[in-house]
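If you look up Swiss-Prot, you'll see Arg127, Thr128, Tyr129 marked as hexadecanoate binding site, on the strength of similarity to another entry. The (9Z)-octadecenoate binding site feature in Swiss-Prot is assigned to Arg127, Thr128, Tyr129. According to Swiss-Prot, the feature octadecanoate binding site maps to Arg127, Thr128, Tyr129. According to Swiss-Prot, the feature N-acetylalanine maps to Ala2. Taken from Swiss-Prot, the feature phosphothreonine applies to Thr8, Thr30, supported by similarity to another entry. Per Swiss-Prot, the feature phosphotyrosine maps to Tyr20. Annotation comment: Swiss-Prot describes Ser23, Ser83 as phosphoserine.
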Amino acid sequence: MADAFAGTWKLVDSKNFDDYMKSIGVGFATRQVASMTKPTTIIEINGDTIILKTQSTFKNTEISFKLGVELDKTTADDRKVKSTVTLDGGKLVHVQKWDGQETKLVRELVDGKLILTLTHNNVVCTRTYEKEA
């Protein structure tokens, strides 16, 4: 099922991203740059390993993981998190935990688009990606 997510995805719409970044503690200057950036997300499947690359003029990141296996990761905004990704009802659900906090990043395919919903406390951000040819 995760195979459906494979491909190169370009950000085309973003709602409430600045408020989300503020909620998780991202500083003002970083938020300003990140808000203007339109990243490309590349999802690759290699056996039971998923590789998630995010590329932008701001920063490039890469995470590789197996579903359900908790990893120690450093996020693009330098948070040290415990990170777990699962497949739930056709959605890739990514949970990050740090300092008693938790954020959830849910990726789902809707009408051929990749919808990323980020939630922290009561703040919800939606980012929409279209698949590149």
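Positions of Cβ are set from backbone N, Cα and C atoms, glycine also.
Cα separation, Thr128 (hexadecanoate binding site) to Thr30 (phosphothreonine), rounded: 21 Å. Excluding the listed site residues Arg127, Thr128, Tyr129, the same chain places Trp9, Leu11, Val12, Asp13, Ser14, Lys113, Leu114, Ile115, Leu116, Thr126, Glu130 with Cβ atoms within 8 Å of the centre of the hexadecanoate site Cβ atoms.
It is 17 Å from the Cα atom of Ala2 (N-acetylalanine) to that of Tyr129 (hexadecanoate binding site). In this view, Tyr129 (hexadecanoate binding site) is surrounded by 24 other Cβ atoms within 10 Å of its Cβ, with every protein chain counted. Checking the recorded positions (Tyr20, Ser23, Thr30, Arg127, Tyr129) against Thr8 (phosphothreonine) with a 10 Å Cα-Cα cut-off leaves Tyr129. Cα to Cα, the residue listed as 'phosphotyrosine' and Ser83 (phosphoserine) are separated by 18 Å. Put simply, of the recorded positions Thr30, Ser83, Arg127, the one whose Cα is nearest the Cα of Ser23 (phosphoserine) is Thr30. Annotation for Thr30 (phosphothreonine): same-chain Cβ neighbours under 8 Å, separated by at least 6 residues, are Met21, Asp77. Long-range C-beta contacts of Ser83 (phosphoserine), restricted to its own chain and to partners at least six residues apart, with a cutoff below 8 Å, comprise Ile63, Phe65, Glu70, Leu71, Asp72, Lys73, His94, Val95, Gln96, Lys97.
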